[in-house]
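According to Swiss-Prot, the features are:
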type	residues	note
BINDING	13, 201, 203, 237	Mn(2+) binding site
DOMAIN	4-266	domain 'Pyruvate carboxyltransferase'
REGION	391-515	region 'Regulatory domain'
């Protein structure tokens with residue numbers, strides 16, 4: 001049975017989603033979870049694009065041991081050199097090279113002739129092979145390329161040493177039948193193509209990324225590139241969880257196998273959603289909250305009698321928990337640490353100690369602490385602190401039906417200086433955000449505001465997600481507290497801290513368009 005490798009690009013292509021800006025700690029946590037999911041390859045970033053990306057790729061390569069870590073590179077030596085410096089400490093360093101091959105890209109973007117493109121691709125592969133044991137080569141915008149030229153350049157890069165050939169549908173243009181035919185054409189027209197692995201990379205602009213990826217697998221691809229929850233630029237990428245479960249449930253049809261641990265899918269989906277702020281639609285296949293819900297009376301009756309009447313995927317297959325452990329104010333540090341590890345999170349002794357303090361504070365106000373509560377506390381403790389930027393000291397909001405909402409906020413900056421401001425607004429949240437904007441002394445545009453309850457009950461934690469734009473940077477933030485307004489303030493501060501973090505970490509190089 002053929003083995004299909006999963007190449008996860010959540011940390012590279014997925015992070016190109018509008019408003020998604022992950023910090024180093026968040027990227028490392030996602031990489032560790034992808035390792036638990038047992039993906040074959042993690043594309044950790046684009047090392048030459050910025051200092052922040054370089055450092056993230058380097059640390060992920062040095063941390064992950066049971067799967068290969070790769071980075072993206074243009075077909076230029078400086079990019080390849082940067083990628084090698086970032087990836088050389090990995091368990092299996094590999095490089096992902098790309099260059100555009102469609103007429104529209106060669107003429108208008110590269111301004112190169114087809115012969116020049118072939119020469120650049122071959123030279124880049126040969127140079128990369130001096131360092132990397134595995135070189136993957138991608139034909140950007142392959143699906144709008146002329147097939148004879150595509151076959152010619154693929155043949156040349158194979159001769160130069162590429163061992164993986166990726167055929168990206170960069171703009172989500174292709175149909176399943178056409179995509180499969182490209183793979184067949186290459187297999188029939190490229191010498192020695194049987195000695196390399198063929199890879200699929202699909203975008204979802206026409207809603208066909210997953211089915212196109214499956215078509216590629218049917219027609220000879222042995223690697224598929226995808227992201228968790230299908231996040232990515234524009235309409236997103238092919239969703240890893242949908243492809244993986246389709247291959248498992250319909251193994252009779254596809255006749256392939258993977259090394260994925262499917263029981264880690266739901267946990268991975270939740271982690272990526274929380275850290276990126278990208279909501280998983282309720283009706284999303286495999287990981288949506290309604291994926292296993294049955295509303296129809298006839299369906300409910302059938303499922304109660306025999307699950308397989310209306311349920312082709314069991315919740316347990318993808319790690320949807322049937323119950324959760326409840327902790328309380330009498331639970332000790334050891335029980336807390338054990339549960340944190342069972343939930344799949346890695347915390348240092350210092351982080352556990354700080355989490356235990358927050359846990360006890362919440363346990364004094366809330367009788368039962370569920371897994372959802374604990375995860376919210378972990379996120380706040382592990383990912384939402386920016387010690388070098390603003391931290392909330394206190395808020396006070398006055399509101400009444402016949403009063404103008406007024407907020408008073410006290411913040412501390414990275415140097416420990418105290419900042420106090422007050423402002424009014426049409427509502428409590430606006431008053432709060434107007435006050436915070438005065439503290440930051442910078443104009444901020446609120447693009448989105450969303451509030452969720454963590455679990456049920458009147459004593460549930462509130463979790464607020466915001467998306468903002470400041471200094472021409474669009475980013476998201478999150479905050480958790482029992483009080484809605486405190487959670488709202490934390491989310492806004494978290495988002496602004498990310499803006500300042502991005503500005504501080506920006507290198508001289510700007511982000512580059514990629515496949």
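Even glycines carry a Cβ here, placed using N, Cα and C.
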**Prompt:** In sequence order, which same-chain residues at least six apart have a C-beta under 8 angstroms from residue 203 (Mn(2+) binding site)?
**Reply:** 168, 169, 170, 171, 172, 209, 232, 233, 234, 235, 236, 237, 238
**Prompt:** What is the Cβ neighbour count of residue 237 (Mn(2+) binding site) at a 10 Å cut-off, with all protein chains included?
**Reply:** 31
**Request:** Measure the Cβ-based neighbour count of residue 201 (Mn(2+) binding site), defined as the other Cβ atoms within 10 Å of its Cβ.
**Result:** 30
**Count of other CB atoms lying within 10 Å of the CB belonging to residue 13 (Mn(2+) binding site)** = 25
**Asked** So how many of the residues in the region 'Regulatory domain' (391-515) end up helix, strand or coil by DSSP?
**Response** 35 helix, 51 strand, 39 coil
